[in-house]
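Please read the structure below before turning to the comments.
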Amino acid sequence: MKGKHVKPAFDDTLEGFEYVLDAVTGRTPISQQWIRNLHAVILRSQESHEVFTAVGVQNQALQKGEYKTQPNSPQRSDGSVHAYAPVEDTPAEMARFISELESKEFLAAEKVIQAAYAHYAFVCIHPFADGNGRVARALASVFLYKDPGVPLVIYQDQRRDYIHALEAADKNNPLLLIRFFAERVTDTINSIIVDLTTPIAGKSGSAKLSDALRPTRVLPELHDAAHRLQESLFTEIRSRLDEEGKRNGLEFLLQRIFIGSPFNLPEGYNAFPDSYCLTLAFNSNSPKQIFHPLSIVIAARDGKRASSDLVAATSIGYNFHAYGREVEPVVTESFRERVKIYADGIVDHFLTELAKKFQQN
């Protein structure tokens with residue numbers, strides 16, 4: 001997304017999620033008025049919306065926080081109409097929707113199921129002229145904030161799967177939508193874990209070294225995924241090292257090999273061959289003789305004990321977990337964001353330890 005409207009829309013979305021927290025804490029119950037207020041907050045900077053008429057597309061003023069006054073059921077490419085609630089039925093449908101959110105059956109369900117249902121039921125009504133998707137995702141986040149404590153984050157490259165899951169729900173198959181929500185929650189949690197576990201100078205210190213890497217026995221279907229993980233890490237780490245090299249007038253190496261002493265991998269994983277590894281290194285004889293490597297070993301799950309398909313592991317215990325679905329058939333945007341955070345953490349630790357060697361020598 002580009003243009004002057006993007007930042008105001010982004011700020012509106014952030015404010016909307018702040019508004020959502022009132023419902024999470026229980027200070028404000030979810031009601032029709034609450035949802036209408038949420039719509040007004042999330043679309044605060046949007047003045048108009050496109051309407052398809054008999055004479056073509058027209059821009060009309062957007063009534064924020066007000067239910068639709070014109071039909072908004074879209075026409076599919078095959079000519080059929082995807083029916084949303086009629087204008088005259090919208091208030092009654094929203095009242096029924098709120099009642100469902102208060103029912104014993106709904107309250108007894110897992111939070112990810114609550115989120116998926118609330119989102120789907122809301123978009124089926126499509127009560128507003130525009131912004132229904134944004135409101136639906138914020139509404140779903142109410143339940144996900146409660147457990148496991150994260151909002152619903154959907155990247156642009158996941159939109160096709162998102163639409164496909166909604167269409168499956170239209171055909172009485174809600175499992176695909178529930179799974180889609182669960183995967184997005186997992187992606188968000190993993191991003192937070194990577195961010196929060198970035199090594200802090202002086203704390204990550206030394207990790208235990210073992211006699212040898214565990215014997216390699218990797219599931220064949222994960223080789224391509226491991227290669228994509230390696231290349232993604234290489235690209236981001238190389239970029240950071242180049243920036244630091246220019247800033248400090250030093251040359252840093254990044255090679256697809258393993259250098260150093262073997263170390264224990266997380267339980268449930270077996271390492272790929274050394275060609276799947278990455279090693280950051282600094283080697284200099286002047287003004288001081290210093291050799292400083294840091295290796296990353298890429299390993300794959302060997303069974304049910306593993307918590308992810310792949311792991312990029314280091315001797316300092318700062319590891320990056322990934323799933324095959326994040327890199328195949330294409331690398332997802334959420335994965336790229338996590339890789340950037342991880343690369344920043346790895347390079348920061350590498351430079352911190354290198355600085356210590358300069359001071360010691």
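Sequential numbering from 1, following the chain as shown.
For all residues, glycine too, the Cβ spot is worked out from N, Cα and C.
TrEMBL lists 30-183 with the feature domain 'Fido'. Taken from TrEMBL, the feature active site covers His126. TrEMBL lists Asp130, Gly131, Asn132, Gly133, Arg134, Val135, Ala136, Arg137 with the feature ATP binding site.
Everything TrEMBL records as a feature, shown here on the structure.
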{"residue": "His126", "record": "active site", "DSSP class": "coil"}
{"residue": "Gly131", "record": "ATP binding site", "DSSP class": "coil"}
{"residue": "Ala136", "record": "ATP binding site", "DSSP class": "helix"}
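Excluding the listed site residues Asp130, Gly131, Asn132, Gly133, Arg134, Val135, Ala136, Arg137, the same chain places His39, Ile42, Val123, Phe128, Ala138 with Cβ atoms within 8 Å of the centre of the ATP site Cβ atoms.
His126 (active site) and Val135 (ATP binding site) are 10 Å apart (CA-CA, integer value). Mean pLDDT, taken over the domain 'Fido' (30-183), works out to 93 on the 0 to 100 scale.
By a simple count of nearby Cβ atoms, those within 10 Å, the most crowded of the binding-site residues Arg134, Arg137 is Arg137. Sparsest Cβ environment among the binding-site residues Gly131, Gly133 (other Cβ atoms counted within 10 Å): Gly133.
Taking a C-beta cut-off of under 8 angstroms and a sequence separation of 6 or more, Asp130 (ATP binding site) has the following same-chain neighbours: Leu43, Gln46, His49, Leu62. The recorded positions under consideration are His126, Asn132, Val135, Ala136. Their Cβ neighbour counts within 10 Å are lowest for Asn132.
Separating the Cα atoms of Asn132 (ATP binding site) and His126 (active site) is a whole-number distance of 6 Å.
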